[in-house]
Amino acid sequence: MGIGTDTKIGFPQDNEESPLLVSNPSQSTTICGSSSGTDTEGDVENAADEYSPKATKRSITVIITALLIGVFIANADGSLLLATNGWIASEFNDLENASWLVTSYVLTLCAAQPLYIKLSDIYGRRTMILIAYSIFGIGCAICALGQSLLIVVAGRIVSGIGGAGMDSLVNILITDLVPPRDVGSWRSYVNIVATTGRSLGGPVGGYLADTVGWRWSFLGQCPLTLLAIISTYLLVPKQTATRTGDVKEGSKLARIDFAGAFLLAATILFFLLPLEITGEKIPWTHPFVLGLFASSITMGVLFVVVETHWAKEPIFPLNLLRSRHVVIPDILVFLQLAAQLGMMYTVPLYFQVTQDASTAVAGAHLFPAVTGVAVAGLLSGYLIKKTGRYKALLTIASACASISYLLLILRWHGHTNWLESLYVVPGGFGSGMLNSAAFVALTATINRDQIAMAASTFFLSANAGMAVGMASASAVIQSGLRSGLEARLGDIPNRALVIKKSMSSIDYIQSLEGDVKSIVI
């Protein structure tokens with residue numbers, strides 16, 4: 001399908017007064033934005049009445065409940081690593097590369113996620129979810145057994161390939177089964193479990209690291225993943241995918257756009273990788289960095305050519321990017337999650353360094369933020385279902401998050417009391433509200449047969465935002481710490497050694513005494 005193809009995908013009139021569901025499918029707009037019908041306020045209720053879901057509320061509840069174990073694991077894993085990555089890297093005397101434990105996961109997650117969406121259209125949602133769980137469990141086992149930071153990072157790469165399908169496919173299933181106006185409500189229930197996972201992952205991972213060792217935080221995920229596989233196999237119907245277009249003849253493998261998948265993954269990896277390795281490690285003008293960016297551009301151009309002129313079933317319909325109804329939610333979620341994940345990456349490190357906090361206590365400081373995410377997700381889901389409006393929620397969410405980050409910059413300077421530690425709450429609240437409202441804004445404005453691929457752009461933007469946020473936060477911390485120490489340590493004995501060890505081990509920073517420790521903190 002070419003970029004210039006004037007294919008109808010059902011974009012409503014460009015304003016929020018349009019109903020969440022178009023009651024007459026023929027009254028749609030083209031990608032170019034030409035309107036062929038009018039919408040009224042009452043059409044929201046009429047559309048919901050006319051929509052015939054593919055499953056009853058009870059069966060939907062059973063399906064979603066079966067998937068909640070995987071949702072819990074995926075989100076607990078994320079906060080667990082945010083809380084313990086410094087501890088793990090310090091054990092290998094390599095704190096400056098701690099962010100790779102998180103970034104490697106997100107990089108592969110970004111690269112693999114679009115392929116999961118397309119494969120689930122071909123093979124079914126359940127099949128791909130089971131594959132995702134299996135790969136994720138293998139990655140956790142590799143991390144637990146790793147004897148070097150490189151091996152643990154390799155395990156995180158494998159886990160990222162599996163994690164790419166664990167969250168996104170659940171959300172796609174929801175859009176398959178319920179009308180758009182109810183999407184926010186159902187996602188809010190899933191978000192409760194996701195938030196519980198994020199809330200418990202940090203403290204539990206920190207506790208395990210402080211007591212029996214960080215390896216058990218990975219080993220403990222293996223039986224939970226097995227339980228998720230069993231519950232999904234038994235309770236989720238095999239055929240849950242919404243196929244797009246006519247079913248092609250031939251094998252299912254022939255329908256997979258392998259070239260497009262490879263080029264898209266390469267484009268993403270070559271673009272995000274320099275964000276991690278540049279700064280203090282390699283200058284931006286280094287030929288290797290410039291080569292990565294050039295490779296990303298080249299792969300991107302080839303991807304567009306393949307998807308436009310060669311692929312019979314494109315892995316990523318480029319015509320979706322011609323609508324602001326798709327692009328704006330993608331941009332919003334990218335920016336929000338880049339800021340939020342950058343904050344959540346630095347908060348545990350901040351309290352470990354400035355207050356000698358244990359890993360468990362440092363991880364617990366993420367709890368107020370993820371609580372804000374849960375409350376906002378529930379509230380936004382309720383308000384969207386009640387009013388059918390989402391634009392105001394996007395504005396409120398952005399304002400809350402901005403206030404939170406501004407307070408952190410102005411007030412967190414090494415001596416943070418319990419009240420100031422709660423400045424992370426509005427950031428979490430804004431992130432939860434924006435994520436929910438932006439997803440509804442995306443899925444409510446396009447035809448149902450395009451939702452899966454449009455959602456793919458949303459999740460790709462979200463994952464890319466997480467990667468950029470964490471890589472940027474790590475680069476800022478390392479750069480700021482080095483320059484600050486070089487300026488303030490003066491001519492103390494072993495100055496170079498103090499700088500090197502301070503950048504590689506939290507334990508070393510906590511062992512410092514007197515003026516040197518005050519300067520480092």
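Placed from the backbone N, Cα and C atoms, the Cβ positions cover glycine too.
The annotation compositional bias 'Polar residues' is assigned in TrEMBL to 21-39.
Across all of the domain 'Major facilitator superfamily (MFS) profile' (63-521), the predicted model scores a mean pLDDT of 81. The domain 'Major facilitator superfamily (MFS) profile' annotation in TrEMBL covers 63-521.
Annotation source TrEMBL lists region 'Disordered' at 1-50.
Residues of the same chain lying 6 or more positions beyond the ends of the transmembrane segment (60-78) and with a Cβ under 8 Å from any Cβ of it are 53, 129, 132-133, 136, 140, 159, 163, 166-167, 170, 173-174, 177-178, 186, 189-190, 193-198, 200-201, 204-205, 221, 224-225, 227-228, 231-232, 234-237, 240. Marked as transmembrane segment by TrEMBL: 60-78 (among others).
What TrEMBL lists as transmembrane segment is 98-117 (among others). Long-range contacts of the transmembrane segment (98-117) within the same chain, counting only residues at least 6 positions beyond its ends with a Cβ under 8 Å from a Cβ of the stretch, are 81-82, 85-86, 88-90, 128, 132, 149, 152-153, 156-161, 163-165, 168-169, 172, 261, 264-266, 268-269, 272-273, 276, 315-316, 345, 452-453, 455-456, 459-460, 463-464, 466-467, 470-471, 473-474.
Remote same-chain residues near the transmembrane segment (129-158) are listed as 67, 70, 73-74, 77, 81, 88-89, 92, 94, 97, 100-102, 104-105, 107-108, 116, 120, 164-166, 169-170, 215-216, 218-219, 221-222, 225-226, 228-229, 232-233, 236 (criterion: CB distance under 8 Å, separation of at least six residues from the stretch ends). The transmembrane segment annotation in TrEMBL covers 129-158 (among others).
Per TrEMBL, transmembrane segment is recorded for 216-236 (among others). Same-chain residues lying 6 or more positions outside the transmembrane segment (216-236) and placing a CB less than 8 Å from one of its CB atoms are 62-63, 65-67, 69-70, 72-73, 76-77, 80, 84, 125-126, 129-130, 133-134, 136-137, 140-141, 143-144, 155, 204-205, 208-209.
Under the heading transmembrane segment, TrEMBL lists 256-275 (among others).
The transmembrane segment annotation in TrEMBL covers 287-306 (among others).
Per TrEMBL, the feature transmembrane segment maps to 327-351 (among others). Within the same chain, residues 79, 82-83, 86, 99, 102, 202, 206, 321, 357, 359, 361-363, 365-366, 369, 394, 397-398, 401, 404-405, 408, 412, 416, 421, 424, 427-428, 430-431, 434-435, 438-439, 441-442, 457-458, 460-462, 464-466, 468-470, 472-474, 477, 506 sit at least 6 positions outside the transmembrane segment (327-351) and bring their C-beta atoms closer than 8 Å to a C-beta of that stretch.
Proximity of distant same-chain residues to the transmembrane segment (357-380), defined by a Cβ-Cβ separation under 8 Å and at least 6 residues beyond the stretch ends, is recorded for 79-80, 82-84, 87, 184, 187-188, 191-192, 195-196, 198-199, 201-203, 205-207, 209-210, 340, 343-344, 347-349, 351, 390, 393, 397, 421-422, 424-433, 435-437. For 357-380 (among others), the entry in TrEMBL reads transmembrane segment.
Under the heading transmembrane segment, TrEMBL lists 392-410 (among others). Outside the transmembrane segment (392-410) by six or more residues, the chain places 332, 336, 339-340, 343, 376, 380, 383-384, 420, 423-434, 436-438, 441 with a CB less than 8 A from a CB of the stretch.
Among residues of the same chain six or more beyond the transmembrane segment (422-446), those with a C-beta under 8 A of the stretch's C-beta atoms are 9-12, 18, 20-21, 171, 175, 180-181, 183-184, 187-188, 191, 195, 320, 323, 325-326, 328-330, 332-333, 336-337, 339-340, 343, 347, 365-366, 368-377, 379-381, 384, 390-391, 393-394, 396-405, 407-408, 411-412, 454-455, 458, 462. According to TrEMBL, the feature transmembrane segment maps to 422-446 (among others).
Taken from TrEMBL, the feature transmembrane segment applies to 458-477 (among others). Using a Cβ-Cβ cut-off under 8 Å and counting only residues 6 or more beyond its ends in the same chain, the transmembrane segment (458-477) has close neighbours at 98-99, 102-103, 106-107, 109-110, 113-114, 117, 164, 167-168, 171, 268, 272, 275-276, 278-280, 329-331, 333-343, 345-346, 349, 435, 438-439, 442.
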